[in-house]
Amino acid sequence: MLNHPSQGSDDAQDEKQGDFPVIEEEKTQAVTLKDSYVSDDVANSTERYNLSPSPEDEDFEGPTEEEMQTLRHVGGKIPMRCWLIAIVELSERFSYYGLSAPFQNYMEYGPNDSPKGVLSLNSQGATGLSYFFQFWCYVTPVFGGYVADTFWGKYNTICCGTAIYIAGIFILFITSIPSVGNRDSAIGGFIAAIILIGIATGMIKANLSVLIADQLPKRKPSIKVLKSGERVIVDSNITLQNVFMFFYFMINVGSLSLMATTELEYHKGFWAAYLLPFCFFWIAVVTLIFGKKQYIQRPIGDKVIAKSFKVCWILTKNKFDFNAAKPSVHPEKNYPWNDKFVDEIKRALAACKVFIFYPIYWTQYGTMISSFITQASMMELHGIPNDFLQAFDSIALIIFIPIFEKFVYPFIRRYTPLKPITKIFFGFMFGSFAMTWAAVLQSFVYKAGPWYNEPLGHNTPNHVHVCWQIPAYVLISFSEIFASITGLEYAYSKAPASMKSFIMSIFLLTNAFGSAIGCALSPVTVDPKFTWLFTGLAVACFISGCLFWLCFRKYNDTEEEMNAMDYEEEDEFDLNPISAPKANDIEILEPMESLRSTTKY
């Protein structure tokens, strides 16, 4: 979304005539697009776009209000450059999950324990440090989002993050080699590595999901007649939903690396488990470098974060009266923004309020990479590494994301709109069901011999098969489809154009708060308290979901109104990078209700 200033008729007329500075490159006319809060330095830089009309615009037919309510909504097409960005995400998540999957064993156990480890921090210490790593990885996106939106831009921030990431993985790999050092050096290397990886993750995570969504022009809904003769509405909001489903699908393809790294940990050692992600991460580096000219890189805001905080301060002093911050209402104040910016801040604040209950959701989600692994170590593994079963969450997502996107969501949309608030509520409920299953399973573990309530104090497990954990992972995957994917979509779609990375980082910050709650709960991650841990999380997630629905269901009624703000400027332009020919755009399906094409998805 590119916002144009409403600063009088003269300026508006200039914009209509296309009075922009022209840049020659490869015999293609390009222009620099500026909004009311983009600096001149940035606007005259390399942010160039092809403003040739889109082929679809020539036959544009807008729907009536009745058609908006009655016709089926479908998505548009996804450009090839989105696939390149998705490959970067896949590579980064391959490395992240491949590294973090063995962390619990690496921290909790010693070299002579079963399962083997390195740092000997016991269950409480390992769980606490695991939650710290999650906390750190989701605090740093605030820094990454601020830097990207204010100084460097998304692409440059991502590139800087990849360099730091490589350094962190290399330190972890070197210090995990048994012949290189002892336990003390391993602890030092581990701490240094997770700090660097956390910083890098923040710089990448706050911007990559925004960058992939930036590749989609925001267009008004239009009528399309399918080959079957059915009239449907091509809705860019559905396209955005499809992109984030696809993006999350690629995350989980990458997360399957834990299947390889846990096996390497079990059979070769931790050094081998960390070498694989180090090597694989270079795919992200290569894709970023060679795909640079393909990406749309939007202008960097001119101190837009600082201006947004000034608006919020004015709102606080005036009891959140948004008119108090509008230049049209108070021209004597000479505010360095326009009314449109204030309206976008209002929408962004509404989105941030929706995120208030997410820390509880992320707390239950975090048990999957900490307490679930410890629970598995109490059970009969039958040759399976205790940290291997995390893969079933990713496998379930890879299976069910296309099913939801191709069948479930289109089926529901035939009869009623499925709005974001409703989907997030369902996500909380499935999270509660997952913790309920884990609590019941834990009670059976404690009732089984030979060790009953104290299986962690022995090297042999209780007689319960570890595969009983799989339903909990599947339920968590359902909760992610509804709550996590929709949260990403909501954070992007409700953020002002030049604050999208920062608002996305606020959403990711809720994960950090969830990890902080998990750290506070680490003292109860001991025998025989795990049953109460899972029960408490189930109740908390259920209550939070109900409160979420009661507080925010009204936003479902204003969803279309909030989304309409995005159409006001971008519908005039086709935002394709100069170097990306139209032939690179691929039609996934007609209608685009599935993201699967020539690849697995």
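Don't overthink the numbers, they just go from 1 along the chain as shown.
Including glycine, each Cβ sits where the backbone N, Cα and C put it.
Residues Ser39, Ser123, Ser185, Ser597 are shown; Swiss-Prot lists phosphoserine for one of them, Ser39. For the ranges 248-266, 495-513, the feature annotated in Swiss-Prot as transmembrane segment maps to 495-513. Scan Swiss-Prot for phosphoserine across Ser6, Ser45, Ser120 and the hit is Ser45.
Among the ranges 90-106, 124-140, 362-378, 413-429, the stretch that Swiss-Prot annotates as transmembrane segment is 413-429. If you check Swiss-Prot, you'll see Ile403 and Val524 are listed on opposite sides of the membrane. Within its own chain, the topological domain 'Cytoplasmic' (430-448) is flanked in space by residues 361, 364-365, 367, 372, 375, 378-379, 455, 462-464, 468-469, 471-473, 475-476, 478-479, 482-483, 527-528, 530-531, 534-535, 537-539, 541-542, 545, which lie at least six positions past its ends and keep a Cβ under 8 Å from the stretch. Broken down with DSSP, the topological domain 'Extracellular' (548-554) shows 7 helix, 0 strand, 0 coil.
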